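*Asks:* This is the structure I have questions about; it appears just below.
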């Protein structure tokens, strides 16, 4: 009898936890070590991003990719991400895996990143070992390399949303802010580490001779860093699963009052639903009778509900997405063409000259210095992330958001109007301010919006929990991350044409103008929550 009562308590508690997946009880304060472990995913992701930035163009050139396919490679991944990101965000809000809602998606996307790197860094070597015919070898090398780049970009862009939602689910409001700062800190550190390793001439070192080429060396380090970082991340903070409860319990089986075992039953977000160790079974059974969590989940995860959630997005969410889109468009416009700007405009080199000509060698030198500028950006992004928390107490989120856009706009404008090696490298520090701002402030606002919505729902339904029909944090983070993909589509599809017509300087000026427009937008239209 006692075992049946305990089993009944477990089922009822799971039903209560699953009844409203979007209204978790405030989780406990997390130790700094847990937040650092959680941030390791950003270090691994950005490290691999930096390796891709340093090596993907040489890899594509080495396999002989036709120029007509370059736009396909760069546009396919953001287009897929833009279309699928909200769908997966909504699905993760209702995921009932035993391991939690977000971690299964993070693990899957991490494996996709690893697979993509393996294909684009090793595809040519594997194909050369298996195929002798030169024509077939070239076709297969191009195909495998393109698939690898698209898969890696898709997974690396996609994974940011689930990681942020995972942080928001298992942390208190204060820890969310701390966690976002640690995310930005380790993002910059991972990027700097990746750029530094990419600048080493591995061909003349022993490890380069053992592994074959510098591409294989970088795959070895990338796979090692990514695997270790994601293992640490996935083990950082446990998620309580969102159970699919399908069994109904009859009132005859329920005692008037029964204990809830504290080691078994948790509301989603790793926190106990009942603090006093007991629950009214009549209310619990009534909730089970009126609401079937499995049925609610199936209803919520329809394309119609997804489109309704996107169309009916509150105005403050929409304004935040627009500001995020403007910021990422400005940032990517500058970053994707920065090394070319250094080589052509600052150093006055010629990328189309003969490879043994002085003009081409000068251009290559400018590209190398541009890579060091990107490294400076990553290092300063980490440093600025560290000082964001004390800064926000003085100028608030609005001041941080406005300052990030304004400084980036002024810095890129100065670089475009007065190109000089030393001033350009010095102003790369402002790129780090923008990078850190984009990785922290918008997601901080998402967390505040969600908290405000939950407080409003509790006031509207006193004595009970919200109805669970609200927007999940997974979907909110996914929609915000979609703006990055939309910016990539615009930059990849439009700015390449501008560069071919007017040179790289037009891109830097465009980035400056967009950032200054964005600074006005975030000051006037984005809503900030105290």
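Heads up, the Cβ atoms here are built off N, Cα and C, so glycines get one too.
TrEMBL lists these features:
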- 71-92: transmembrane segment (TRANSMEM)
- 104-123: transmembrane segment (TRANSMEM)
- 139-159: transmembrane segment (TRANSMEM)
- 180-197: transmembrane segment (TRANSMEM)
- 217-237: transmembrane segment (TRANSMEM)
- 325-347: transmembrane segment (TRANSMEM)
- 367-387: transmembrane segment (TRANSMEM)
- 399-418: transmembrane segment (TRANSMEM)
- 424-447: transmembrane segment (TRANSMEM)
- 475-499: transmembrane segment (TRANSMEM)
- 505-526: transmembrane segment (TRANSMEM)
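Quick one: how deep are these features, and who are their neighbours?
*Replies:* Away from its own ends, the transmembrane segment (104-123) comes close to residues 41, 45, 48, 51-52, 55-56, 59, 63, 88, 92, 95, 97, 141, 144-145, 147-156, 158-159, 162-163, 166, 215-216, 218-219, 222-223, 226-227, 230, 233-234 of its chain (Cβ-Cβ under 8 Å, at least six residues beyond either end).
Remote same-chain residues near the transmembrane segment (180-197) are listed as 35-36, 38-40, 42-51, 53-54, 163-164, 167, 218, 221-222, 225, 371-372, 374-375, 377-386, 388-389, 432, 435-436, 439-440, 443-444 (criterion: CB distance under 8 Å, separation of at least six residues from the stretch ends).
Residues 362-367, 369-371, 373-374, 377, 404-405, 408-409, 412, 415, 419-421, 424, 431, 434-435, 437-438, 483-484, 486-488, 490-491, 495, 499, 503-505, 507-508, 510-512, 514-515, 517-518, 521 of the same chain, all 6+ positions outside the transmembrane segment (325-347), place their C-beta atoms under 8 angstroms from a C-beta of that stretch.
Within its own chain, the transmembrane segment (399-418) is flanked in space by residues 323, 327, 330-331, 334, 341, 388, 391-392, 424, 427, 430-431, 433-434, 436-438, 440-442, 505, 508-509, 511-516, 518-519, 522-523, 526, which lie at least six positions past its ends and keep a Cβ under 8 Å from the stretch.
Long-range contacts of the transmembrane segment (475-499) within the same chain: residues 71, 74-75, 77-79, 81-82, 85-86, 88-90, 93, 157-158, 160-162, 164-165, 168, 306, 309-310, 313, 317, 320-322, 324-325, 328-329, 331-333, 336-337, 340, 442-443, 446, 449-450, 506-507, 510, each at least 6 residues beyond the stretch ends and with a Cβ under 8 Å from a Cβ of the stretch.
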*Asks:* Among 139-159, 217-237, 367-387, 505-526, which stretch has the most Cβ pairs under 8 Å to the transmembrane segment (424-447)?
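*Replies:* Comparing 139-159, 217-237, 367-387, 505-526: 367-387 has the most Cβ pairs near the transmembrane segment (424-447).
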*Asks:* Which residues, given as numbers and ranges, are at least 6 beyond the ends of the transmembrane segment (505-526) yet have a Cβ under 8 Å from it?
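*Replies:* Beyond its ends, the transmembrane segment (505-526) has Cβ neighbours at 316, 319-320, 322-323, 326-327, 329-331, 333-334, 337-338, 341, 345, 398, 401-402, 405-406, 408-413, 415-417, 419, 434, 445, 495, 498-499.
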